[in-house]
Amino acid sequence: GWAGGYPEIVKENELFERYYRELGIVPAGEWDAFMAALREPLPATLRITGYRSHAKEILHCLKEKYFKELQDLEVDGQKVEMPQSLSWYPEELAWHTNLSRKILRKSPQLERFHQFLVSETECGNISRQEAVSMIPPLLLNISPHHKILDMCAAPGSKTAQLIEMLHADMNVPFPKGFVIANDVDNKRCYLLVHQAKRLNSPCIMVVNHDASSIPNLQIDVDGRKEILFYDRILCDVPCSGDGTMRKNIDVWKKWTTQNSLQLHGLQLRIATRGVEQLAEGGRMVYSTCSLNPVENEAVIASLLEKSQGALELADVSSELPGLKRMPGITKWKVMLKDGQWFEEWKDVPSNRQTQIRPTMFPVKDEEKLKAMNLERCLRILPHHQNTGGFFVAVLIKKSPMPWNKRQPKVHQKLPQRTADTEVTTNSANGSDSISEEPILAENEESKKMQELHHLDTEQSKKEGVCGPPPSKKMKLFGFKEDPFVFLPEDDPLFLPIQKFYALDPSFPKMNLLTRTQEGKKRQLYMVSKELRNVLLNNSEKMKVINTGIKVWSRNSDGEQFGCAFRLAQEGIYTLYPFIHARIISVCIEDVKILLTQENPFLSKFSSETQKKVKDMAMGSIVLKYDPDPEKPDDLQCPIVLCGWQGKTSLRAFVPKNERLHYLRMMGVEVFKAKRKEEELENKTEEEVQHRLAPTEEGMDVEDKEHDLVTKMEAEIGEESSQSPVESSAMEIETKMEDLDQSSKNANTHVSKENKDMDASNVKD
């Protein structure tokens, strides 16, 4: 009902055209095609989560069902083009389509396809992500044992890719590697948490720091402290974003060269901090969604020059075959927003030397320039493969950075300084053997100071408590985080759980944690052994927003059956290999009943299932479906569900979107089922409102917040690092518990650890 609406933004910017024409980043004869592509809307792209065992099932479902329905379809007189796979993305797991979000939402013919996308995105099976944004994680060449740092991670689509690659082997519940995802914006960190939680990994930690001064972390290696160096680092820095003009049309009117000049220094500081924390032989990918050499080649050239041979650009021309790319450039000029050009630093007048810095210019020494191999950088132009604009450089660290080789001073009081490693060089065998270790106090006085400094920290570490850093060490912005408290080895809480589920002796109970020091523990979370090491040794210098996946939730009804904790679907794939009791194998018909009916009686299940349940005590159970190779028409991937066995019934505790996902994979028409389910929910809500008022109120608040973040995520598409997205949901969880449970039982299914919901506004 807006009269007249908004005036259409004119997609013209004379300064932009003048600048890039002069720099010559677009090949001769392609300028018109380049500008025409920038004025066209960006195709929608989606990526199927590659590590899931049912990725093939989702791909089959997409191609055979949803894509076929789009054939010969016309919307508003425009023929809908069939989605195409991205030729350079492995295993046909990424697709793009010309369907705009507006058409997807408003067209009745496409409503089912849109619902499929939203639902599968919420489950973590599909990610809506811009095509060029998928490139940096692929070029990191990640293996499951790699320690990875994502320096500017929010809102998290690239982080999700990194997690997928860690879990390449689904049979390994705890890969040796991990991802530490950082962002400077406290509120954006919560959107990052939401993205990461969809993948249910125990190997992800979200932290909140300024990437340009992110602290050195320590880990315990065989009883001695060592600085943590990362095998892989993703450095996707904040940028001017002129490669995103196709989706962020505000850039057309706001673009000036001033944006790049202001960001260059920050980008160089972040990249420098990244390579300092990179392990020797490690790989760092630097990327921006900008086409400007001041933000791209200038940063890389400056980094290479001051590294004095410690870094080199990797040749990735043979990687990602099918991806059209332009080589990096070696000559460029710098322009002010008034259109004034400068070719060299010496030409810059003194009154402009705060705006323009020497590192913004190309290296003049031809030999040095040639040795840098700047042509190994990648620039993606929008008109080549109908994408956004992008820049990527892959750096390999051959030796420690030169400023880390110098004998450092003792910096006990300044743990965030970059020069806090000691390096010894031994040339006896004709080669440099370099080891980097934390500084040790050189005299008794500094040793005493160090002991006093770490006294409180060591005490809390013994208790397994990893709280937020003290206020003297860091100003706390945003929400005050609950501590991470690891379960003591002799905690009486664990014995009934171990006995009830017959947990394997190899179960790593030391990795269990809670988010409360006092009172009843309501949720139990789990992290990998390596992340536990990081948490315990760095709580005084690191602000952790979230880590771990929920594996058990307290259920007071369960106490009478021998265990007060029920299994959580979120962590069931991690827990399942260790559980040896309370597992019921079910056939595909039983799975359909469990997922479509709210609380089915035992008599509705197959006779085999009824026999298995007969002698089992009531309480939380595992429901396992194994595919039958002799029935190729049935679902061909295993399913593990959390359930509850009652006196006369059996039910599944599975989030709504996950239910819909499994039903789709089994060929059940969920579009209609969803409508019926909503009607049933509304009816049930009316019936039990008088006895579940407090619980329902809590669920409403959580669901509203949940819908808000989901809506925001769906609208972002791919998200440039600089976009002002905000979210402040502490833990966004999909609720699928039914309202016809008793008040007492239902209360146990509503998370009591959510943060203040008043601050849950989302802006794009």
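Along the chain as shown, the residues are counted starting at 1.
Yeah, the Cβs are placed from backbone N, Cα and C, and that goes for glycine too.
The annotation active site, nucleophile is assigned in TrEMBL to C289. Residues annotated as S-adenosyl-L-methionine binding site in TrEMBL: C152, A153, A154, P155, G156, S157, K158, D183, D210, D236. Annotated compositional bias 'Polar residues' per TrEMBL: 421-433, in sequence order. The compositional bias 'Basic and acidic residues' annotation in TrEMBL covers 750-764. Positions annotated as domain 'SAM-dependent MTase RsmB/NOP-type' by TrEMBL: 34-398. Marked as region 'Disordered' by TrEMBL: 403-438, 714-764.
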Between D210 (S-adenosyl-L-methionine binding site) and C289 (active site, nucleophile), find the distance joining the two CA atoms and give it rounded to the nearest Å. 20
Which one of these recorded positions, C152, A154, C289, has the sparsest Cβ neighbourhood, judged by other Cβ atoms within 10 angstroms? C152
Could you give the Cα-Cα distance between C152 (S-adenosyl-L-methionine binding site) and the residue listed as 'active site, nucleophile', in whole Å? 13
Are there any residues at least 6 positions away along the chain from G156 (S-adenosyl-L-methionine binding site) with a Cβ closer than 8 Å to its Cβ? List them or say none. A181, L191, L192, H194, Q195, A196
Provide the number of Cβ atoms within 10 Å of the Cβ of K158 (S-adenosyl-L-methionine binding site), excluding the reference atom itself. 27
Relative to the Cβ position of D210 (S-adenosyl-L-methionine binding site), how many further Cβ atoms are located within 10 Å? 15
Cα-Cα separation of K158 (S-adenosyl-L-methionine binding site) and the residue listed as 'active site, nucleophile', in Å? 13
Whole-number Å distance between the CA of C289 (active site, nucleophile) and the CA of A154 (S-adenosyl-L-methionine binding site)? 14
